[in-house]
Amino acid sequence: MTSKYDALLHNQSTNTNPFSKLQDRSSLLGEKFTKVLVANRSEIAIRVFRTAHELSMHTVAIYSYEDRLSMHRQKADESYPIGKVGQYSPVGAYLAIDEIVSIAKRTGANLVHPGYGFLSENAEFARKVNEAGMQFVGPSPEVIDSLGDKTKARAIAIRCGVPVVPGTPGPVEHYEEAEAFVKEYGLPVIIKAAMGGGGRGMRVVRSADTLKESFERARSEALASFGDGTVFIERFLDKPKHIEIQLMADKAGNVIHLHERDCSVQRRHQKVVEIAPAKDLDPKIRQALYDDAIKIAKEVKYCNAGTAEFLLDQKGRHYFIEINPRIQVEHTITEEITGVDIVSAQLHVAAGFTLPEIGLTQDKISTRGFAIQCRVTTEDPNNGFAPDIGKIEVYRSAGGNGVRLDGANGFAGSVITPHYDSMLVKCTCHDATYEYTRRKMIRSLIEFRVRGVKTNIPFVLRLLMHDTFIQGNCWTTFIDDTPELFQLYRSRNRAQKLLAYLGDLAVNGSSIKGQNGEPALKSEIVMPVLLDSTGNQIDVSHPSEKGWRKLLLDNGPAAFAKAVRNHKRGLIMDTTWRDAHQSLLATRVRTIDLVNIAPYTSHALASAYSLEMWGGATFDVSMRFLHECPWDRLRRLRKLVPNIPFQMLLRGANGLCYSSLPDNVIYFFCEQAKKNGIDIFRVFDALNDVNNLSLGIDAAKRAGGVVEATMCYSGDMLNPKKKYNLDYYVNLVDKMVEMGIHILGIKDMAGVMKPKAARLLISAIREKHPELPIHVHTHDSAGTAVASMAAALEAGADVVDVATDSMSGLTSQPSFGAVLASVDGTDKQLEFDNNQLREIDSYWAQMRLLYSPFESEIKGTDSDVYNHEIPGGQLTNLKFQATSLGLGTQWAETKKAYIEANKLLGDIIKVTPTSKVVGDLAQFMVQNKLSAEDVENRATTLDFPASVLDFFQGLMGQPYGGFPEPLRTNVLKGRRQPLTDRPGKFLPAADFDAIRKLLSEKFGVSSDCDIAAYTQFPGVFEEYRQFVDRYGDLTTVPTKFFLSRPEMNEEMHVEIDQGKTLIVKFVALGPLNPRTGQREVYFELNGENRHVTVEDKKAAIETVTRPRADPGNPGHVAAPMSGTIVEIRVKEGAKVKKGDIIAVLSAMKMEIVISAPHSGVLKSLAVVQGDSVNGGDLCAVLEHE
C-alpha cells in the first residue's frame, strides 16, 4: 500500500454496530468520494455495489417502473425510480440523461458508474455528469467521442499504424453510400452501429437482395438500443477469432493491459462464452495485440477501464475493430486469472488514484490458470434463441471451488419480462488448465436448476462438449456454421413436472378417463411373502432360474413347441397382466403395480407356459390414458421376469389397430417387440381371414418369435343351424398348419364355448394334428369357463388361460385356483404351489381395491352371453359406453340390438375390431330408435358410424360367407369403393426415415420403438409425448397419488431413479385468481418450498387472451417470440410474396421481422402497432391467391 492509501485506512471512524461497521467507516477513496450511483440495472449494478461496499462507499440504485421488483434495487443503500410511471419506456428510462443526472445530484452522489450498455458510451452523459460536479467513472467525454464512435476509432487506429478491416471512412447516412461500398469492395460485409455493443445494430449481408433491409434494421436497432442510429460498414472476415485486450489507464498517463480474452464464441455478434487467456495463441501475436492496444490508448490519452477488440484471421493477421470505453460483461474472467478487481480499479482511478498507487504496474500483472464465463440466459435455443418470459418457479444455482456467479434476477419468484436483456447470471469458472476449467463449467451448468422459463443451458452444454471448443479452435461464426450444436441435451425437469401434475390433481382432480371416484384402498400395500417347500422364505431380489424361457432361448421356437406338446401335465397362461385387467378394470393397471409384483411372479409362476402381458388394448391405453410408454413396461418387466415366456396379442395385418396397416409396419413392429422381450406372438384375425392371418404369422416368424396362430371361436358349434360348425374350425386349422405355425391358439372371446363343445373341438383337432400344441383362451362371462377349460385339458389341450382368483371370473378368465383344483389328481394336474399362489393373489386383491374407480357395474355372470355373444372385454366397455351415451337405462335394449346388428352384418366373428363394429351399430340403432328392418330400408341415407363403413368397405378383411347384400352395396353407395382383397395390399409402405425425422424434430432423438408406436397410433403417440413433455414420466408415481387428490401434509415418496427419491408434501392451495382463472399450489419438495400455477378448469376467466396461431394451418402467421409490435408493413387485402415483411417485433432490445410464410393475400391482421404479444400468438392470416 502507498502512504496515501495507508493514511485513509488510519483515519477510519469507529462504530459499535457490527452490521454497519464496514460502511460507517470513511470511504477508502477519500472524503470527496463517498457515494456512487450506478446508472444501470441488474447484474452489473449489483457488481459495482459489491465493490463499492467493500470500499466503504454508500450506493444508489435507479430503476424503471418495470424494474421495481428487480434485485439490484434491493442491493443498494438507496434506490430511486426514474421519472413518473409511464413517463419513459422500459429502455428509455435508463437513457434519460437529465433525469439520471438529477437523481445523482439530489442524492449526493460523488461518482456515477455507467456499467455497460445504455449510457456507458454516451459522451453527452459523461459530460453532464462532470458538469454537475460529479465524477463519471470512465474515460473523458472527449475520449468517448473519439473511441465510442467506431468510425472515429478506425481513423485513430490508422493514424497509429494499427491494421484495420477495410471499411467506410466514416459513418454511413444513406443507403446509396452502403450500396456504393458494396459495389467497390464486394460481399460479404457487416453493418455495425457506430455506438454501443453487445451485437445490437449489427447485420451481416451476404446477398445484395438483403442489403437495404439489413441497413434499415441495423440503423433502427442502433437507435433503439443506444439512442444513436449511426452505422458504418466493413468487409466481413471469414472465420476469424475475436480477441480483446483488457486495458487500464489513469489520469497520469499510465496504461497497462490485463492480458487478453478470447470472445470468439458468438451468436449474431453477441458473445456467448468467453475464455481468458486465449488458448494456444502465438506469443508473438499476443504481444503485438498488447502493443497495438496500448498504442491506441496512449494516443487518445485514455483513462479508466477499456477494451481493445481485434479480429484475428486464419493466417494470424490481426485487425483492430474498436475500443469499448467501458467495463465489459466478460471482465470477470480477467479478474479471475489476474486477481485484479477491475471495478475497484475503476473507482480508484475516477477518484484520482494512479495505477502504481493501487499496486497496478505491468510487471506485477500475471495470469494464473484459465477462466471461462458462460452467460445463462432465458433464451430458447429450440426457437431461434427467442427470449422466454414468465415467472421463475425454481432457481438453484451452482457453487464450489473456482465457481463465481454474477447475477441479479435469478431467484424463485422472479418475473422475466420482455423489456430487457435475457441474462439471468454469469457463471465464471477458474482452474489451473483449460481442460479442468471446461469440465468445471460443465459440472456447474449441470448443477443449475431453472424452472418456469426456458434457458440456454442445454445449448451451452452442447457447445462446451464439442470437439472444436475442446481444442480451443472456435471462430466468430462457429455457432452458425455448426448445426449439430442444436441437437440439444434435454433437461428432464422431473421434480417440477411432477409437481405440475400433482398441482393439477389437487385443483381439478384426476383426468384419467373412465375414473369414477377415488381408490377404495387407503392403507399401505402389503407385499407377499413366498415360502419354499421347506418353509424358508424365498429371496425375490433375484429372479427364479426355473422356467420355460431358457429352453426357448437355447433351442428356438420349434423345439419349444415340441417340448410343450411332449409335456405330460397341463400348462397355463396367466392373463392377469393383460386381459384380466382389460376385462375388469378397463385396462387401467399401471406399470408400477406390475413391476412391484413381478419379482414374486418370477418365482410363484415359474412353471407357467407364459404370461400374457402386452399387446392388444394395453398398448394404446397405456399411452392414451395412463400416459406410460408400453415399450418401457415391456423392458422393465422383462428384466424382472427373465424366466417365464412373455406373450402378446397381435391382430394380424392390423398390428394393434382396428384397421389394416402397411405391411412393412407389421414386420417392423414385430421385430421391435421381439428385441425388447416378447417371446410368443398370439396372432389372430377378427374375421379368421387367412390372408390377414398369414401376414401376421410371417412377421412374427421373421422376427424370431414363437408363432401361436389363433382362430377365433364364435357361436354354438353344437347347434347344427349355426354358421360356424366343427368342419369350419377344423378346415381353418388345416390352413394355419400349412403356414408353418408353432402352436395353435383358440380364442373364445365371448366365453360361449361350452364344455361339451371344448371336448368335441379339441378332440377333433388332436386326432388330425397329434403333434400340434393347442392353447385355449376363454372368458367366464357365463360362469362355465372353469368347466370348459378342464374339459379342454382332458380332451388334449396343452395350455389353458387363467387369471389370479381376485382378478378372475365375470368377463375375465377363469379362476387360477378353481382350474388348479378341477384338474387336481388327473393326468393334467398343474405344477404350482397353492400357498405361493395365494400370496400373489393377496396382492391382486389389494389392487382390485386400488383400481376400484374403474370397476364395471357387472356384478355377476350372464348366461345371456350365449345369445348376444358379446366378448368379455367388450361387455364391460359396452356398458360403460352405453351409460356415457345416456343409454344406461336401455342396457337390455342394447344387448338385443347387438344380436340384431350381428345378424345385419352377416353373423360375423366378434373380436376386436369387428366386435366394435357390432357394438357401434347396436348403439347407433338404440340411439336412433332403429329396427333391423329400418337399417335395411334406409341404408342409403343413414349416417353410419365410421367403423361400420370400414367393415363394409373391406378394410377389416373378408368375412366367412361374404358380405350381406344388398345391405353392403346400399351402405357404401356414394360413399366408398368396396375392396375385394387384403387391405394392406393397397396401402403404401411407411417411410420410417421420414417418420424418424418428424419425431426427432418434434420430440428430440427418437428410437425404433418410438417409430413402431407412432406407426400404430400416430395421434395417441403424439399426445402421450406432449403429456410427458408437460408432466414428465409418471410411471414411478405410486398409483394412490396418481389417481387421488393429494392429502394436505401427507408425504409422498416418489423414486424417480435408482437411489433418487423425491419426498413431496402438499401444503396449501391458493385462492382463485379471477383474472386468470388460475390457482397457486404450494408444496414442500425434499424440504424446500415449491409452488406451481394451475388453471382451475371449473372457474370462469375474466380476461380474454389473444388467439393462438395453429401450427398446422399454413395460413396462420405467428409471433416468433414475445415482444411488442413496433411496425406494421402491409395492410389487409394486400398481396404479399413469400418472405415479405408483414410486421416488425421488438423484444429484448432486438428487432425481429415477421414475414409471410408463402405468397398470397393478407386476409386479416390480428395485431396493431404497440400490441404486446407472446411467442405463438396469431399475428396475421394469409390466403393463397
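Any Cβ shown, glycine's included, is placed from N, Cα and C.
For the substrate site, Swiss-Prot records Arg578, Asp579, Ala580, His581, Gln582, Arg651, and the single candidate of Thr332, Thr334, Thr912, Thr914 listed with them is Thr912. Annotated divalent metal cation binding in Swiss-Prot involves Asp579, His777, His779 plus, out of the candidates Lys550, Lys747, Lys754, Lys756, the residue Lys747. Record check, Swiss-Prot: ATP site residues include Lys150, His269, and the candidate from Glu179, Glu184, Glu234, Glu299 also listed there is Glu234.
For Arg578 (substrate binding site), the same-chain residues lying six or more positions away in sequence with a CB closer than 8 A to its CB are Glu612, Met613, Trp614, Gly615, Gly616, Thr618, Leu649.
For Gln582 (substrate binding site), the count of additional Cβ atoms within 10 Å of its Cβ stands at 25 [all protein chains shown]. Per-residue pLDDT, averaged across the domain 'Pyruvate carboxyltransferase' (570-838), gives 95. The two recorded residues His777 (divalent metal cation binding site) and Thr912 (substrate binding site) have their Cα atoms spaced 15 Å from each other. Its Cβ placed at the centre, Lys747 (divalent metal cation binding site) has 24 other Cβ atoms within 10 Å. DSSP assigns Ala580 (substrate binding site) to a helical segment in the three-state reduction.
Checked against Thr912 (substrate binding site), the recorded positions Glu234, His269, Arg326 differ in C-alpha distance, with His269 being the nearest. By neighbour count, meaning other C-beta atoms within 10 Å, the densest spot among the recorded positions Lys150, His269, Arg326, His581, His779 is His779. Spacing of Glu234 (ATP binding site) relative to Arg326 (active site) is 23 Å (Cα to Cα, whole number). In this structure the residues listed as binding substrate are Arg578, Asp579, Ala580, His581, Gln582, Arg651, Thr912; their two most distant Cα atoms lie 19 Å apart. Close to the recorded ATP site, the chain also has Ile190, Ile191, Lys192, Ala193, Met202, Phe232, Ile321, Glu322: residues not among Lys150, Glu234, His269 whose Cβ is within 8 Å of the site's Cβ mean position.
A distance of 72 Å separates the Cα atom of Arg651 (substrate binding site) from that of Arg326 (active site).
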